[in-house]
């Protein structure tokens with residue numbers, strides 16, 4: 001049987017109502033378009049060509065009317081300004097929610113270890129602001145009490161440690177269970193990262209409710225809970241999802257975005273940039289991330305509007321939480337020491353490690369997710385979250401680098417050590433008696449540095465493996481970004497070329513940042529946007545080369561093992577109809593090899609332009625599940641006239657039965673401008689030419705599939721019809737193209753699940 005997913009006419013312009021037939025003429029039975037005609041059902045693909053054509057018609061109409069009156073001119077100006085106003089609102093809302101998430105997550109993360117007596121709503125840092133303790137003991141203020149101090153009256157001893165351990169695990173389980181229960185009960189779409197689905201939606205696919213108000217509310221709440229639970233996850237993906245929800249909801253305030261799916265996706269591309277901006281504190285990188293990683297259609301005006309929305313979101317976040325990160329996931333740092341040419345070797349080695357880890361993570365995570373979907377484990381998401389959280393909390397508490405939040409860990413690794421730093425990583429022995437003239441003394445590593453080294457090594461191993469099982473659970477989860485730390489021996493021969501006495505010749509925080517870029521690049525295959533994001537974090541142009549070396553090396557190494565990034569892998573895992581624009585199609589197949597119907601299949605289901613009754617068309621609709629039908633002159637000639645959507649047919653026929661007199665099952669449906677005179681006793685005719693796409697995209701049966709695939713990618717088609725000498729032979733849909741590509745890649749073509 002012919003099977004093609006949601007398809008709509010490419011070239012469709014605007015709807016002008018239907019028509020009715022008296023005895024010899026057909027007249028419009030509606031003066032305005034029918035509600036629902038031209039819209040799409042859930043899990044359908046939009047038609048970019050039609051949507052852009054409709055927007056051009058709307059814009060031309062507004063422009064022509066602007067010369068008629070002052071009010072029409074004001075309407076034209078407001079229509080042009082509405083896009084910028086919408087970007088402002090998206091930036092304000094996304095930045096506000098990001099600030100709320102940051103503040104709440106920081107407080108609830110600290111709540112696992114203790115409470116502030118001056119006000120339970122203060123986190124550890126805020127609680128100690130007014131304390132009179134010394135700078136080195138600033139985290140040990142009397143206003144902050146651990147749970148053992150609060151319950152037992154003291155914080156020392158084995159029993160106090162066990163009690164703090166127990167409370168940490170209990171709070172972690174409470175937060176994660178509340179998160180998974182809220183997701184399961186109120187908004188199933190609020191789980192996971194969100195970026196694979198957003199990429200699919202931006203390519204034209206429709207998933208009703210994925211960017212709705214309930215998803216936004218539950219995602220915001222459960223993201224705080226998931227991060228606070230201590231699970232090995234990040235916020236960047238979920239924050240992009242949150243920002244896109246804001247964009248989708250705010251689109252309903254403006255008619256041109258509410259009624260046009262292609263225009264709405266321009267807004268969602270800008271919203272994704274705003275989401276990355278508040279996640280990383282990098283507006284330019286956010287725009288490039290949207291362009292490189294998630295967007296399908298990105299015109300020049302969307303570029304500038306995306307940058308505006310990203311700037312507004314970043315400034316809003318900074319205004320709400322000036323003492324937090326502008327930065328939510330990463331930390332703004334500024335290094336002062338230059339890097340040396342020989343350091344490119346360890347930077348490239350970090351890139352190799354990042355690429356290997358990325359490929360390992362993707363394969364392991366996808367294998368685990370497949371197991372989750374195909375075994376009983378997938379039926380018990382609450383139990384899975386409980387078990388993973390319990391294991392994570394039990395392993396995390398003994399190690400201070402796994403106990404602290406992701407933001408705190410990365411900020412500590414990224415920071416360059418100063419004299420007043422109390423971190424173990426900055427515990428060097430200061431021997432000021434050895435100072436000669438203006439030279440600074442060499443500082444030997446103290447015991448804290450060595451302790452931090454093995455703790456960080458254990459933290460890395462734990463995070464690497466536990467993230468595999470965490471990413472993809474039924475809670476909001478982005479990617480945790482592993483970071484590296486460097487320790488150097490200034491007396492080694494390799495450093496003699498650039499290390500002068502008393503000078504810091506290596507910046508350990510730079511290695512942490514390059515390691516983070518390498519690991520994230522290996523997992524996501526980001527390149528330019530990743531380098532720019534890291535550049536915005538450091539504020540220095542001199543570190544672009546190390547970042548580029550690590551990012552490109554990690555991508556090359558990971559691509560050598562597997563071509564897909566984590567988001568593309570999850571798109572394929574979930575069977576979303578996403579046609580990757582970056583992949584080359586090099587196979588020598590023709591359109592006739594892919595079109596439906598195939599040889600020995602039933603003939604193509606078609607509708608004739610002037611010989612079928614309402615009953616005939618309704619029978620075709622009831623007996624098939626296709627989302628559209630070719631219209632031909634007659635069954636004998638099979639000469640193509642146009643293409644009509646199933647949804648438009650159903651709505652138009654139902655409306656005609658209710659509002660047009662004389663429409664019965666035996667009424668003839670016409671897709672032509674004129675009809676022959678009918679006897680007085682004949683039932684009224686139903687004219688449906690207005691819902692017919694008269695310019696469906698067609699190819700011949702000998703067209704190479706390489707060209708067909710390019711046409712689908714660049715025009716955003718849902719389907720194209722296949723002809724031979726003007727005669728209709730079959731149809732190729734986006735789903736058929738995806739199945740064909742999967743089959744040629746020795747993959748299961750039935751993995752394309754959604755219609």
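Backbone N, Cα and C atoms are what each Cβ position is placed from, and that goes for glycine too.
Any TrEMBL annotation is an automated prediction that lacks curation.
Within the listed segments 188-204, 239-255, 307-323, TrEMBL records transmembrane segment for the stretch 239-255. Taking TrEMBL as the reference, the stretch among 134-153, 214-233, 414-433 described by the feature transmembrane segment is residues 214-233.
Check TrEMBL against the ranges 60-80, 81-101, 102-122 and you find transmembrane segment recorded for 81-101. Segment annotation: TrEMBL labels transmembrane segment over residues 380-397 (candidates 362-379, 380-397, 434-451). TrEMBL lists transmembrane segment for one of the ranges 267-291, 492-516, namely 267-291. The stretch that TrEMBL tags with transmembrane segment, taken from the ranges 21-40, 341-360, 521-540, is 341-360. Here the listed stretches are 158-180, 214-233, 267-291, and the one with the most C-beta pairs under 8 angstroms to the transmembrane segment (452-473) is 214-233. Taking residue pairs at least 6 apart in sequence, the transmembrane segment (380-397) and the transmembrane segment (239-255) share fewer than three C-beta contacts under 8 angstroms. The transmembrane segment (267-291) and the transmembrane segment (81-101) are in contact, since at least 3 Cβ pairs between them lie under 8 Å (pairs 6 or more apart in sequence). Among the stretches 81-101, 214-233, 341-360, 380-397, the one making the largest number of Cβ pairs under 8 Å with the transmembrane segment (158-180) is 380-397.
Counting same-chain residues at least six beyond the ends of the transmembrane segment (341-360), those with a Cβ under 8 angstroms from any Cβ of the stretch are 464, 482, 484, 486, 494, 497-498, 506, 511, 514-515, 517-525, 545-546, 549-562, 566.
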